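Asker: Got these off TrEMBL a minute ago, pasting:
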type	residues	note
DOMAIN	13-82	domain 'Cation-transporting P-type ATPase N-terminal'
TRANSMEM	62-80	transmembrane segment
TRANSMEM	86-102	transmembrane segment
TRANSMEM	251-270	transmembrane segment
TRANSMEM	276-302	transmembrane segment
TRANSMEM	682-703	transmembrane segment
TRANSMEM	709-729	transmembrane segment
TRANSMEM	750-774	transmembrane segment
TRANSMEM	780-800	transmembrane segment
TRANSMEM	821-841	transmembrane segment
TRANSMEM	853-872	transmembrane segment
Ligand code: ATP
């Protein structure tokens, strides 16, 4: 990557700045220049910190104390003549370490590809054309456009601003947004934070608009210089992984005690000390569920990949777990429940509501003309027409206005030249208004559009014909009822007003959004998304409440909520103003019945989340604007919009919906429940198998039997059953029933609802079968055959037991073949288990012997016995229920 000297671009005058970067402010760079600069400066990305090497990861696998003891014990027994045992144990330990590394890598690469999915984009001007490119494609000299909510994609100097404010805390630690300027009194001593004509990578625009020229990219940026310090090392431990870690430790301790007892009792009974020690340590290694946290992480990570395929990108791993507990989904309306494809259908221009299409035929009245003009010019959207296709850029509400003006024959390009914009107050969802100021012939016009109720409160007059008349209370009422009529019919209603000035007015809210002249209203249709109705029903069935929170008008919101079955008889709808009147206590009393909040501000969203959380609910909340960040952070699952969402909201969110669709949240919840179920299955399987392994050795030692298994057997069974099969359980398809149950409680233990009991019971069944096989086979055929059969039965019965844990209530034979990974894992594991007994050359290494047909039949029958036992208990339980 080319290295840039620290040049103080902030101090240069405009000409030397343009010359230094060789730029044309109007056209930007052309493709050739971009290519050349990319070669010189490289990609605009921060390079990652050092990665841990594979070898290092492999070595780390041996850091476990018990593994070290096992290796030591194996080496000692090797030195005492048991060479094949020692070599085999070491081999198994190495194999285990390899599996550990593979698992870790899988989890890591899944996490890394997730990070890559959150692509940032930048709006640039290149070769005179507005384009949207990936931020990493930026080069010095590029002209970049910024608006509220954008993350600044590179360092640069501002060349145009409109009320631009930028939050630079990542760089300066200052949490109050900085107001940007084009000129200032900068000198050599001005610190970074005060060079207000510059913007820096990783800060975010909180208000206004601006244009800047990129001066530094990638590691040359100010943040790049300190990137080493701020590498994103956010911990991804989830409550579940923490619990599992803790559980692993407790169970590990219990296993250690058992192993201690096995060793002591074995010695007392006159066993060979080294053999007893090796048995005890092997048992400890096998029985301690050290692989559990890794498996949980892999299952979570694989789940996030599946979620990504379903358009939900998880930014924070704990969210996957929380998703399964979600009991309330608070969702935006526009774009999430609806398609965000708006078309103006109705117009009210102080003469009654008419069809939008009717205007053209009859010619324009002055107020109609103002409505269309204001909509077109107080507007940042564009429809770029290329032969063959047209591209819409900007907010769909605004695109609808440009499109409407276009259809009526108004040319935005011509009109904006006639009345160029000289100032503006950008739209924000607190004011719900936007104003632009235009120079028109010798005068100045300000155009304001926005939510009719907010707008009307700023109007003192209205336009009728060519007359400007006073807005009497009766007249105001007429306009409001026109608004209500449209809203009740689900139209999204916007109002339009203007004002005229002789001199250029100050660009202040107090001045520009006061004493306005009302021109009219438009009603747009934004059809609901087809799939949402079913998703709302799914939520209802799954015990999840859907709540609509919108900036739109109450009537419009309720009309759409009714249509989507979110608002039912007996439900309440509250407006932001009504919400403000309620105390927290009053809100708590009604909250369960409120299914629509309208005209709310982003701050209200935080209050709504908190109120639900006080009831113990787990809340998913959507958001897209800059001001939604606090609510997204506060919610248990903050969901940002991938298409319309600002960078700021995406940064704050736990999950990004790449299609902005409500149904995606619902499928993510379903997937989240499935993932949790799968983790439970893996825990169920591993722990019941470990219990069986411990008990076989422990009880045999206590009652004075010969050791049913030698150390190599224990380690081999552990290798066969612990990794692949448990992982395959993590790939189970979620059952259709997951959305028929109530949400899981956040603080429910993983062993709740009888899982703990089932694990112990099934562990005992596995153990008893192996013990019975050992006792009878040893008596009938001698110790060598007895051990071989026990070795086979304990290994194979665990693999059959895999089918048991697939469902807690349902028969293993239902949906038997839906998980091909499980069958693959089983096939591999069965082969690995049997190979040892079937290939005579391996017998001496594994202390096994050949079995005859009767013995094999016994092994097979005994191995499927746990399946039969558990099937019967499931049937009995079902019959009782
Ligand atoms: P949701 O919160 O469900 O996404 P919304 O788009 O209505 O719905 P906001 O974006 O907060 O929410 O908008 C609030 C209100 O502001 C809208 O109902 C509309 O009346 C008005 N409005 C929306 N976009 C603009 C705009 N670009 N210019 C002026 N007013 C707008």
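Just so it is clear, glycine is given a Cβ too, placed from its N, Cα and C backbone atoms.
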Asker: In the same chain, which residue numbers or ranges, 6 or more beyond the ends of the transmembrane segment (821-841), come under 8 angstroms Cβ to Cβ?
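Answerer: Apart from its flanks, the transmembrane segment (821-841) reaches 716-717, 719-721, 724-725, 727-729, 731-732, 788, 791-792, 795-796, 799, 802, 806, 848, 850-851.
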Asker: Check for me, if you would, whether the transmembrane segment (276-302) reaches the transmembrane segment (709-729) - at least 3 Cβ pairs under 8 Å, residues 6 or more apart in sequence.
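Answerer: Contact between the transmembrane segment (276-302) and the transmembrane segment (709-729): present.
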Asker: Given the transmembrane segment (709-729), which of the listed stretches 86-102, 682-703, 780-800 has the most Cβ pairs that are under 8 Å apart from it?
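Answerer: The stretch with the most contacts is 780-800.
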Asker: Restricting to the same chain and to residues at least six past its boundaries, which positions have a Cβ under 8 Å from a Cβ of the transmembrane segment (750-774)?
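Answerer: Long-range Cβ neighbours of the transmembrane segment (750-774): 240, 243-244, 247, 679-680, 683-684, 687-692, 695-696, 699-700, 705, 708, 786-787, 789-790, 793-794, 797-798, 801, 804, 808, 858-859, 862, 865-866, 869-870, 873.
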Asker: Would you list the DSSP helix, strand and coil counts for the residues of the domain 'Cation-transporting P-type ATPase N-terminal' (13-82)?
Answerer: 44 helix, 1 strand, 25 coil
Asker: For the domain 'Cation-transporting P-type ATPase N-terminal' (13-82), what's the model's average pLDDT?
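Answerer: 84, rounded to a whole number.
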